[in-house]
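Q: Feature annotation from TrEMBL assigns transmembrane segment to 23-51, 72-92, 112-132, 161-182, 194-220, 232-253. The domain 'TLC' annotation in TrEMBL covers 60-264.
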Amino acid sequence: MEINTYQTRAELLLRSYILSDSFIVYSSVIGGVFACKLVYDVSQIFSSIYFKRYAGLSKSQQVEWNNRSISTVHAIFITAMSLCLAFWSDLFSDDQLAGLVIMRRSTLSTSVLGVSVGYFLTDLAMILWFYPSLGGMEYLVHHLLSLVALSYSMLTGEAQFYVYMVLLSEATTPGINLRWYLDVAGLKKSKAYLINGFMMVFVWLVARILLFIYVFYHFYVHYDQVMKVSSFGIFLVCVVPLVLAVMNLIWFWKIVKGLKKTLAKRN
């Protein structure tokens, strides 16, 4: 009986939210997809003019070059918006009395999630189309989990704070992409490549390890609020960050090993 009540509540909430804010949701998602296409085209034109090595890359490398331009622009955008909404605005502040933190949303916070959904849809489509050159199974799992969590939070308004906290992990993307660009540009032995390696380790530690510890702490402190969302919402809040945290630890170990390997070659 309780399960049916949860399901009915979630269905009514989802239906009413889609009907009331459908323009914001769909326009932001479509806008995100078109923004990705625009960045891809601009990267293609700009790189062919200003980067001599671009013309010498294989077709698959050129696709990955432009794909990484999309992910870099999205990472900068979503990191800035996540910091703004999660920390600098009062939307999710405990000092505010405007309802439960777990249930708070705004037109801006919903629109930004829509843009991010558009990005993950585009990137997932490219990964599948060019599989496995743009990423293996771990990228598919990461993107599918992200899409489900983002879409649910965007449509229902639930747990947007936790979604933005997890999205802050995108701050590591520009450094990862820069490392790839330096590699294909033949600058693997440069000082810039070494500095980038140290920066990657530091940013990854902060954005994908320590930040996730804070997310789990916040979840523990606000446990009573988390239990008031729908059953599927509780599942997403509990499972998605945990799976991503495990993946982050595995990737972090690989990054540290890669940096050690680079240092060993220099010595």
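Backbone N, Cα and C atoms are what each Cβ position is placed from, and that goes for glycine too.
Since we're looking at a predicted model, the values are computed, not measured.
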Q: For the transmembrane segment (232-253), find every same-chain residue at least 6 residues outside the stretch whose CB is under 8 Å from a CB in it, and list them.
A: 10, 138, 141-142, 145-146, 148-149, 152-153, 156, 158-159, 162, 166, 169, 201, 204-205, 208-209, 212, 215-216, 219, 226
Q: Please give the sequence-distant neighbours of the transmembrane segment (72-92): residues at least 6 beyond its ends with Cβ less than 8 Å from one of its Cβ atoms.
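A: Distal contacts: 35-36, 39, 101, 104-106, 108-109, 112, 115-116, 119, 160-161, 164-165, 167-168, 170-174, 177.
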Q: Which range out of 23-51, 161-182, 194-220 gives the transmembrane segment (112-132) the most CB pairs under 8 Å?
A: 23-51
Q: Which whole number is the mean pLDDT over the domain 'TLC' (60-264)?
A: 93
Q: Hey, which bits of the same chain come close to the transmembrane segment (23-51), Cβ under 8 Å, at least six residues off its ends?
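A: Distant contacts of the transmembrane segment (23-51): 62, 65-67, 69-70, 73-74, 107, 110-119, 121-123, 154-155, 185.
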